[in-house]
Amino acid sequence: GRSGGDKNADSLDALLSKYYRAVRLSVAAAPHAHAAAPVGSACRGGVLLAVCRGKVSEGIDFADANARGVVVVGIPYPNLKDKQVELKRKYNDEKHARAHRLAVSGVLSGDQWYSQQAFRALNQAVGRCLRHRNDHGAVLLVDERYAHGANGALVRNLPKWLRPATRKCADFDDSVTGLRAFFSLRAKHAPPEAAHTRSRKPKLLPSVGADKDAKERDGGGGKPGGKPKESKDAAADAKQRDIKRFFQPAAATAADAAAAPAALETRAVRFEVEEERETRAE
């Protein structure tokens, strides 16, 4: 008989095939790959449910039309009752106390480690739908704890590219209004390559294997032929200097910017994050 792992893999592949097919049908019905399929179309996309720390939320690249939004409900803290989590927190508390007595910094307490694990998982999930400079999507964090705490303490754990765009929505209708305006603006001001392409196909396959092949082919991961560390650092610095520019609608006019709600860019973020293999290829 087949192992449980093989059956689960087949089940996931079958589920993703159905999801990708819905994406293809939706893109084919749209004016271009950055616009939504018209009301009345046979298919207008799909919703894929997953959990944090799983393959879908961390191991698959949902670029372009494969995902135009990520909704994270709650904060994925590890299970407090898990014995390993309990022991790890206790171990870190002991190390932190000892480091404090010796005036040594950089050692996480049990609570700090616990929070770090939650936001590592969350940050992996929110980045699934924004994969390159011309990509766009909405990120919705559904948990009232983001609005509490001193100066938004939890927000500081979010990725740097996301923090400037976070804002508490007044209510559900406020969120819907902002999202509609954002996607309408993105469809109107699509990147040049999308304007003349009616049904450009998105990347439909997981990128895990492709990333591995690219590393072997390009010599990444510290091997000869990889991009020098200095050039990578310089590119990262340039991105950080220009980070605010990536939150602005592409080619938007002053009238468009005035018409869009202020909450627009808080839930749907555009930024430049190139995949490692694309950076090496430049």
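Using N, Cα and C of the backbone, Cβ positions are placed for all residues, glycine too.
Here TrEMBL flags 9-148 as domain 'ATP-dependent helicase C-terminal'. Summarising the annotation, TrEMBL assigns region 'Disordered' to 189-261. Per TrEMBL, compositional bias 'Basic and acidic residues' is recorded for 210-220, 227-245. If you look up TrEMBL, you'll see 250-261 marked as compositional bias 'Low complexity'.
Within the model, the domain 'ATP-dependent helicase C-terminal' (9-148) carries an average pLDDT of 92. The domain 'ATP-dependent helicase C-terminal' (9-148): residue composition by secondary structure is 68 helix, 11 strand, 61 coil, according to DSSP.
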